[in-house]
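Pulled from TrEMBL, these are the features on record:
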BINDING   R5, T169, D248  L-glutamate binding site
DOMAIN    48-311  domain 'Ionotropic glutamate receptor C-terminal'
SITE      V147  site 'Crucial to convey clamshell closure to channel opening'
SITE      R174  site 'Interaction with the cone snail toxin Con-ikot-ikot'
DISULFID  C260-C317  disulfide bond
Amino acid sequence: MTSEREEVIDFVAPYFEQTGISIVIRKPVRKTSLFKFMTVLRLEVWISIVVALIVTGIMIWLLDKYSPYSARNNKELYPYPCRVFTLKESFWFALTSFTPQGGGEAPKALSGRTLVAAYWLFVVLMLATFTANLAAFLTVERMQSPVQSLEQLSRQSRINYTVVENSHTHNYFRNMKNAEDILYTAWKQITLNSSSFETQYRVWDYPIREQYGHILQAIEKTGPVPNASVGYQKVMESEQGEFALIHDASHIRYEVYRNCNLTEVGELFAEQPYSVAVQQGSQLNEEISRRILDLQKDRYFETLLEKYWSTPAKSSCHSTDDNEGITLESLGGVFIATLFGLGLAMVTLSVEIFYHKNKKKPSVKESVMNKSEKLMYSQSKIHTELLTKKEFGVENVMMRSKLVRPKISFINVMPREFY
């Protein structure tokens, strides 16, 4: 029902729910990737993290090796067993610092602890940054449409939009553009011709935003389509949702009902009802209107609406609701990385077993020589203790000789006065 049509025909009582103009757009095709969580940070950031881990591991090893206050170089202060930061142990400490349980025992020297404190601050900031960006990345990915209203559509330039040429929607934007021009002309007359408003209003203080003029200009630039079928085809060809069609809301709702890849954007605007048209002054107007009111009272139209526009017909569409949660396609790489770690551990175990079984064993001659060297070392140790500890007597020496594991058949002990 439009004002132009009412000038030449009559309309009976509206029989259908309010309709109007709406926007249809294609749902963006999501690019599936099992390692999508890796794209949260750029490649140079990942490389920088690896470099920082390697440099920190090397520095921890150097500081623990050359610091005079480390547990390795200060046995008097740390007589109990402490962690020795070898190069392998330093890299393991730097790597496990990224985990919730931490890297374990820290270095004892102040220089090493200063480095570890700075590294831990780096780890905390990087983990917080990665977590925040991953949450934002997955949230933005699940957004179905970048625009939610006609106003947002008019403010952006990435999505092109159009209408059916010379349709009711096209005429609506033309009329609204003319209305904006008329209002702006009236505003100029008020601000320029009336001296009483000179101190209150300025031409540049125009309170109405010229939205429809910009929309009509964008439509003319894209080019109107000859019919709705061509418009829907262009919408479907844009897999990233970069083309929209502005058309009759009921027609759009019907196409969305049939096609799972389409979605209706925003709310209705320029709402108008559907009605049956009759000749002006026709007696059918009253009879049809009365019959329509009886059907509405019997909820007949609601029954038809439930029959033909019910939700079960949409059950075949794949659900893309934001409440469905994160799919395995987005985080499948995490499980693949875990399986890769398990496989690598099994390969490492095989290498360790192979190396242990094929490790070169000492020969019988080398074993006899090692035993002889140990025996000579024990004898020289006892002789040295006899020469240096003069206050010990013969009995003490005999007792100390019994504590030596290698069996000694003879010990030459000289009296104290012969030293």
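Every residue gets a Cβ built from N, Cα and C, even glycine.
Here the features listed in TrEMBL are placed on the structure.
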{"residue": "R5", "record": "L-glutamate binding site", "contacts (Cβ under 8 Å, 6+ apart)": "F11, A277"}
{"residue": "V147", "record": "site 'Crucial to convey clamshell closure to channel opening'", "contacts (Cβ under 8 Å, 6+ apart)": "I23, I25, L153, Q156, I159, A244, V265, G266"}
{"residue": "T169", "record": "L-glutamate binding site", "contacts (Cβ under 8 Å, 6+ apart)": "I21, V163, I246, H247, D248"}
{"residue": "R174", "record": "site 'Interaction with the cone snail toxin Con-ikot-ikot'", "contacts (Cβ under 8 Å, 6+ apart)": "L216"}
Query = Taking the residues R5, T169, D248 listed for L-glutamate, what is the greatest CA to CA distance in Å, to the nearest whole number?
reply = 17
Query = Once R5, T169, D248 are set aside, which residues in the chain still have Cβ within 8 Å of the Cβ centroid of the L-glutamate site?
reply = T2, I21, S167, H168, N171, Y172, Q272
Query = Would you say which of the recorded positions D248, C260 has the most Cβ atoms within 10 Å of its own Cβ?
reply = D248
